[in-house]
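Trainee: One structure coming up, written as structure tokens, with questions to follow.
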Amino acid sequence: MEIFVQQLINGLTLGSIYGLIAIGYTMVFGIIGMVNFAHGDVFMVSAFIALICFLLLTTVIGITSIFLALAIVLVVAMFFTSLVNWAIERVAYRPLRGSFRLAPMISAIGMSIFLANFVQVTQGPRNKPVPPMITDVIVLMDSGSYQVTLAWKQVIIMVATAVLLAGFWYLVQKTSLGRAQRACEQDRKMAALLGINVDHTISLTFVIGAALAAVAGVMYLMYYGVANFADGFVPGVKAFTAAVLGGIGSLPGAVLGGLLIGLIETFWSAYFSIEYKDVAAFSILAITLIFMPQGLLGRPEVEKV
Amino acid sequence: MAVQTAETAPAAAKAGDAGSLFAHAFKDALITGLIAIGLLGPLIGFQTIIIDGALGLGYRPGLLAVMVGIIFAGRLLLNLTVWSPNRVPKTRSGPSVFDRLGATVGPGVKPALLAFAAAFPFISFYAMGGWNESRYLIDLGILILTYVMLGWGLNIVVGLAGLLDLGYVAFYAVGAYTYALLATSTPVNEFFAGLLGETFWANWAFWICLPMAGLFAGVWGMILGFPVLRLRGDYLAIVTLAFGEIIRLVLINWVDFTGGGAGIASIPRATFFGIPFNASENGFAALFGLEFNPMHRIVFLYFVILVLALITAFATVRLRRLPVGRAWEALREDEIACRSLGINTTTTKLSAFATGAMFGGFAGCFFAVRAGFVSPESFTFDVSAMILAIVVLGGMGSQIGVAVAAAVMMGGMEMLRNLGFLTQLFGNDFDPSLYRMLIFGFAMVAIMVWKPRGLVSTRDPTIFLKERKSVSGDLVKEGHG
């Protein structure tokens, strides 16, 4: 029982991070119908930007309050990551709109390889460890031999995810930007005819996706305390799995899928085998796509000529 | 990363007004420079260094300034020349320069390249003055030809059938492990030892396993392909990627069967159709009256991979003329039209997938026999991406383009490693091989933006009325499927 509760907490934390990344996949897919393969690497870049900013704040400027430092790191990482994703869309995807079917996907794969190796070349291939930041825990249950703990950083991750999602939900449902996004999703040409700047809206979608990925990057850095240039690929694929599982194009679906993937991964590692946890995630991806391509909350896709 | 997208020039910059033209170009370049600072600032301006176990920061303002300066100057120059509003854009309806070049020298190029490939070991022998001295060049030739073959194999799937396969390395791995496991297996060895003699299996393992590896990889292609081929293009790509990763993870974790991360070592070497390359009396050198030289085996391997690659190319050319090959190409152009015309898209896709996988398996078997060692390290996603980059760069569907792309990418990187002036330019710790994947990724994006059809993009019609006219790739528009 204690182990179960502990794994539940861990799974939800991990799921929150996946959910934040998955939103970037699902939004981009919704609006331009492409799998933004480089999104996982954008997440990794954000973790590095956060790492550099954190080091700059703590060692050079000398901020001692960890919460102030984290808040600044969050804002800085969101800004620079958004800039990176904006530039990627501008350089690698926008010229390919209207090109043949596989072109944007191949370009995105190239971008993903480029980003990972760019970070490897500029920052070095070794793991970059950060000193543990917030180590306080709350003991929830104590059965003598096993303590169920809820770390403060887990609380921060879950609360931050919930707050961001609420804000994001408001943005998409209630603001004119969200309306423009949903219009572009339905019919880009018609939206343009009605005076919506489609290019601008797509750019903003990439910016929002990157900002959420940056939040995930900061959380990831805080939670695991390590950054590596190769850390974009596997979390990226898992977040994409989450987006597919929840129903690609659906925002609540992305979060639900993220939480599910996080839970499945932690329970699989706890009860079956830790070696095969990535196999489990990849298998879920394949099984979902084969048997249930519309996902849990998505709409079935209608193929048109 | 160069932020140099073609952008419509501001309307205010009217033609003729040189002063305002320059002002606009300058302003635009300045904005680009600022964006470049934002993009490159964090990752190039700072460097995370581990000092005594703790993480510290290094600063590289000079490098950042140089890169931003290059981007600023480049953007300014482009604004004043290529993207200048005064310049009348050149429209072209005919084939591009590369295509025309291909058309004029085309007939001679293939035999010439083939002759060069066949004579390559002997050319390097005379150029370097001995077998041992030319070992490096021949090894490089083997590496390039392996990638040419993999490129041609993937070309069937991606180039002809239009299925984006990101897990091609899985079949390469299946081929390699098929040979590695069978050749080192004790029961198989004992079985043949009792039946056909003590050394039979060591001598013939490669030649028996080669077709088996291909068949086995093809079967795996069918097993993996069958459930996923109903999916649309980008979903298919992701699922193949997932399968590729699953196979690699199983190879790592199933230690009892595959040896795990340590891999399988001391795999039997290739033999000259049963005659081993050794210094013994029954060895290759003694039987052919040559002086023993370990390079004989390397040269022989070179010809094995050359022949395997040529078989791949030949099979592709012939398959394109069969109904199934035409169905592949039709499928690439428009899947819905195919289905309306009664083509069974599932079997068509499956055949393309399995054929491509089979050639991947052959290449994998060759890889295992050449290296004498396999481990999951050799079958990462990077290899899939590299093969895909070669196919994309060469022009999907073009045989000669893929071969040239493989030679340029693999050979070019090797050459880069040996250029001494680069280390003088960038300092002693400059390692060009680190930049290999960086250049691969950049090239993929650049090719997609600049020439999405690859360098050789013409379409050769399979049937024609009087004469074969190649169609420029720009005029072909693929449907959505």
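The count begins at 1 with the first shown residue.
Just so you know, glycine gets a Cβ as well, placed from its N, Cα and C.
A quick note: this is a predicted structure, and the numbers were derived from the prediction, not measured.
As listed in TrEMBL for this protein:
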type     : residues  : note
TRANSMEM : B:29-51   : transmembrane segment
TRANSMEM : B:63-83   : transmembrane segment
TRANSMEM : B:108-128 : transmembrane segment
TRANSMEM : B:140-164 : transmembrane segment
TRANSMEM : B:170-192 : transmembrane segment
TRANSMEM : B:204-229 : transmembrane segment
TRANSMEM : B:235-255 : transmembrane segment
TRANSMEM : B:299-319 : transmembrane segment
TRANSMEM : B:350-373 : transmembrane segment
TRANSMEM : B:385-413 : transmembrane segment
TRANSMEM : B:433-450 : transmembrane segment
Trainee: Please tell me whether the transmembrane segment (B:385-413) and the transmembrane segment (B:140-164) touch - that is, whether there are at least 3 C-beta pairs under 8 Å between them, with each pair 6 or more apart in sequence.
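Mentor: Result for the transmembrane segment (B:385-413) with the transmembrane segment (B:140-164) is yes.
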Trainee: Near the transmembrane segment (B:204-229), which same-chain residues lie under 8 Å Cβ to Cβ, leaving out any that are not at least 6 residues past its ends?
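Mentor: Long-range Cβ neighbours of the transmembrane segment (B:204-229): 163, 167, 170-172, 174-176, 178-179, 182-183, 235-236, 239-240, 243, 268-271, 273-274, 345-346, 349-350, 353-362, 364-366, 369.
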Trainee: At least three Cβ pairs under 8 Å linking the transmembrane segment (B:170-192) and the transmembrane segment (B:29-51), pairs spaced 6 or more in sequence?
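Mentor: When sequence-distant Cβ pairs are counted, the transmembrane segment (B:29-51) does not touch the transmembrane segment (B:170-192), since fewer than 3 lie under 8 Å.
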Trainee: Can you tell me which of B:29-51, B:63-83, B:108-128, B:433-450 gets the most C-beta pairs within less than 8 Å of the transmembrane segment (B:140-164)?
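Mentor: The stretch with the most close Cβ contacts to the transmembrane segment (B:140-164) is B:108-128.
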